[in-house]
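Here is the structure we will look at.
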């Protein structure tokens with residue numbers, strides 16, 4: 001949560017995160033640039049510009065692959081959530097590495113002619129009608145533009161300015177961008193390789209991203225099955241005996257949203273599962289200091305009102321609840337964000353209902 | 001439901017003790033892992049071959065007869081330490097520029113050329129110095145140069161730009177290099193065909209369009225790919241010139 005917008009709100013965990021990330025990236029580049037050439041038994045060396053471009057390009061691909069693996073890993077095992085916490089810094093660093101790759105390419109392959117190098121990038125190869133020899137640079141340009149947009153809008157100011165849903169949709173562009181990077185490499189350097197180590201690592205990385213997202217999606221579907229099409233007005237969540245103090249049950253609603261039903265101090269409350277910050281899964285969070293705490297970035301909400309504690313102003317929708325016997329049920333019609341709902345006590349029996 | 005037995009991380013709070021060992025393992029895998037990937041990818045790069053700028057030779061100054069194929073070449077009649085009499089040098093300017101404008105007035109005449117040599121096997125090119133310092137008329141009558149026709153051939157191989165392939169860029173061929181090669185060819189750098197099987201002992205042929213014209217535009221789509229093509233081959237000194245028939249260009253399997 002933020003009181004005001006400052007460039008970066010640092011804390012010790014972020015410092016540590018960035019330090020580890022920078023060490024990894026620096027080591028990758030150092031080894032590629034300075035250790036590898038001595039191990040290559042080439043009669044004459046690869047041009048330094050080409051070597052640099054390859055090092056930064058390969059590094060950007062590896063970084064992007066790691067970044068995209070963090071999300072599904074965190075969904076499959078919550079111990080990976082700390083890697084998600086500061087992932088935006090990882091993404092911004094990736095953009096700088098990718099830009100360096102692009103700079104070496106433009107300043108080497110597309111320079112030294114009578115034409116402007118950026119114009120040459122667009123007209124030197126226009127064989128769009130063929131697979132072999134396709135201008136794979138176009139895929140790289142698209143991916144780079146997307147990465148720059150995502151990095152430029154990564155700050156919470158832009159999330160507030162654009163609104164979280166719009167910001168979220170913009171940031172989903174990371175997936176077409178990654179596919180574009182895969183195409184960029186597949187139509188480019190992959191077709192030239194005699195040594196297939198790069199091909200193997202590239203395929204392993206791309207398969208890991210695709211595979212982990214698929215597995216995570218299937219696991220999530222198992223955890224929160226979609227309600228039947230002929231669902232009643234009230235949606236069953238679970239039996240009361242399945243609720244645990246301080247934790248939530250998550251349920252997918254007919255409209256596609258998820259509700260998180262918490263048991264807190266012997267009473268039931270329901271709020272949207274999507275954090276107002278980055279749509280983090282509130283139901284996978286914990287109640288800390290009487291507040292639902294998002295597992296992604298620690299944003300907090302009063303479970304009874306869906307409101308962040310003052311001076312913060314974030315709000316999420318709330319839901320009406322009732323107990324039918326021992327079955328916890330929720331009204332799938334969301335209340336406006338920040339609407340107080342009286343919690344449902346669970347000590348009694350029969351039907352109890354929460355009122356707005 | 002969140003697992004109550006698992007530690008819960010909140011970014012602005014200290015890391016739960018139970019998570020520290022796990023995160024330490026992740027860091028230990030991540031940092032050396034990236035170093036290992038850097039090593040694996042860095043050492044998996046293919047050899048770009050022997051082509052290179054021969055700055056180690058120093059500047060070479062030679063005399064010979066200028067011919068336009070239409071790409072300018074010099075049939076050397078008076079060599080230097082590293083350029084023998086009888087060699088045919090393809091000529092190029094700085095970067096991706098041609099020397100057509102300087103060579104055209106000297107066609108068929110004796111000229112002195114000065115610059116740096118690029119070579120890859122039997123492929124030789126000279127990157128001329130600027131202006132008259134690079135190419136100027138020489139005194140004396142030009143000896144008659146012969147062109148030996150070698151008939152029509154069907155060849156398999158790759159169209160490249162002669163300068164990058166000769167060593168201006170290492171590597172200077174292949175799909176990843178296609179746009180760069182096209183830009184060179186648009187700048188009228190002499191194109192070269194790299195054959196899979198030697199032709200009269202040569203793996204590299206200067207290529208032109210049919211009837212000694214410049215490479216036609218449709219050929220640009222085939223640059224840097226494995227193709228087959230038919231054309232008339234002729235020998236000019238130690239350089240073979242292939243005048244392609246663009247209609248016969250096909251992707252080779």
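Cβ coordinates come from backbone N, Cα and C, glycine included.
Per TrEMBL, the features are:
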type     : residues  : note
COMPBIAS : A:334-343 : compositional bias 'Pro residues'
DOMAIN   : A:235-330 : domain 'Rieske'
REGION   : A:327-356 : region 'Disordered'
TRANSMEM : A:15-35   : transmembrane segment
TRANSMEM : A:55-78   : transmembrane segment
TRANSMEM : A:90-111  : transmembrane segment
TRANSMEM : A:131-152 : transmembrane segment
TRANSMEM : A:172-190 : transmembrane segment
TRANSMEM : A:196-219 : transmembrane segment
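Note on the domain 'Rieske' (A:235-330): its mean pLDDT in the predicted model is 93. At the 8 Å Cβ threshold, with sequence separation of at least 6, the transmembrane segment (A:90-111) comes into contact with the transmembrane segment (A:15-35) through 3 or more pairs.
Highest Cβ contact count with the transmembrane segment (A:55-78) among the listed stretches A:15-35, A:172-190, A:196-219 falls to A:196-219 (criterion: pairs under 8 Å).
Pairs of Cβ atoms less than 8 Å apart link the transmembrane segment (A:131-152) most often to A:172-190, out of A:15-35, A:172-190, A:196-219. With a threshold of 8 Å between CB atoms, the same-chain residues lying at least 6 positions outside the transmembrane segment (A:15-35) that come near it are 51-52, 54-56, 58-59, 62-63, 82, 85-86, 89-90, 93, 97.
For the domain 'Rieske' (A:235-330), the number of residues in each DSSP class (helix H, G, I; strand E, B; coil) is 6 helix, 47 strand, 43 coil. Counting residues of the compositional bias 'Pro residues' (A:334-343) by DSSP class, helix then strand then coil, yields 0 helix, 0 strand, 10 coil.
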